[in-house]
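Undergrad: Handing you this structure, nothing more for now.
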Amino acid sequence: MRRASTLASSVLSRTLATAHGGVGAGIGIGVATSIAVHHNQRLLQVALYGSSSSSGGSYTRWWSKSPARVLSLGVAGALISVAAAQEVHAKEPPPPELVPKDVVLYQYEACPFCNKVKAFLDYYDIPYKVVEVNPISKKEIKWSDYQKVPILMVDGEQLIDSSVIIDKLGGKIHSDKRADSKSDNDEEKKWRGWVDNHLVHILSPNIYRNTSEALESFDYITSNGNFSFTEKITVKYAGAAAMYFVSKKLKKKYNITDERAALYEAAETWVDGLNGRDFLGGSKPNLADLAVYGVLRPIRYLRSGKDMVEHTRIGDWYTRMENAVGESSRIKA
C-alpha cells in the first residue's frame, strides 16, 4: 500500500506537470487511462478519451512526441437488456457463406472505439473472440506493429482503426447488398464523421467534470481493466485527480463552456438528425447509428450518461438501439 501511495504521488505530480506543458493532439477522443513506462520507471499519464488526432478510431499515445510508451484503457459501462415485451428490431446476420470463420478482437473492455466494433459485430451476429489487452505490458499485441486497440483479426487478416475495420468488414459481408442511394450513403458518412470529430471530444470533460464523477469513471476502469492490485490503486486515485484538472484543459481546447450543455446539445443534434425516423437508417440501424451507439455505450450508465438520457430526447433511440443490437455474439471462453 505504501508503494502504491508513493507511486501515485509521483504519478500525479508528473502527470500534471506534463499536462501543464501542453496537452497535445492526442487528447479528447476515446475513454482511456494512459500509463507510461520509461527507463523501468512506471509513470501514470492519465488521458481518458485520448487517441490519435488523425484517426477517430483507435487508442494511441496521449502526447504524440513523448518518448514514453503510452497504453490506454477504456471506461467500462454496464449494458442493460431491454424487456422482450417491447418491439425488437431484428438483427441483420449476413448469409452463412459470408460470415468470417475466425474473428478475434483485441481490445480494452469498454473503450468507445472497441465498442463501435462490437456494436457492429453484435448487430450483424458475427461470432467473435475477445482478447483483453494488458494495459501495462500490452504483451497480447506485441506481435503487431500497430500497438493500439482495437485490432480485429479476420480469418488471419489484421484490421485496424475502428471506422476502417467497420468499412472493410462491412464490405466483406455486404459486397452485393449495399443498394442504398447516394444521398443515404452521404448522410451516413456525414454522421459517422460527426461521431469521430465532434461527439467524442465532448465525453471526457463530462465524465471528469468534478471529483466524484472522475472517481466514478476510474472505478469502472479499475474494476474491468487488466491491472495488478497496486496498479489499480494508482490508476483510480492518481488518475482521477489528474484527469479532473486535465478535463479543464480539454474544455478550453475544444471551446466547451458548459460540458453538460455541450453533451445535451450533441444528443439533441443527433435526435434532430433522425428527423422522426426510428434510426438514421430508417427502419433499421445503419453504420452511423451503430457508431453513435458504440461511442455512447461506455458512458450510458455513468452519471453523465444518465443525465443525458434524463434531460434530452435521446433515450428512446438508445433503447431501440439496445433492442436492435441485442445480445452479444461474443464467443465465451
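Even glycines carry a Cβ here, placed using N, Cα and C.
Because TrEMBL annotations are produced automatically, they should be read as predictions rather than curated entries.
Below are the features listed in TrEMBL for this protein:
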type   : residues : note
DOMAIN : 101-177  : domain 'GST N-terminal'
DOMAIN : 216-333  : domain 'GST C-terminal'
Undergrad: Please count the residues of the domain 'GST N-terminal' (101-177) that DSSP assigns to helix (H, G, I), strand (E, B) and coil.
TA: 27 helix, 19 strand, 31 coil
Undergrad: List the helix, strand and coil residue totals of the domain 'GST C-terminal' (216-333) as derived from DSSP.
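TA: With helix first, then strand, then coil, the domain 'GST C-terminal' (216-333) has 84 helix, 3 strand, 31 coil.
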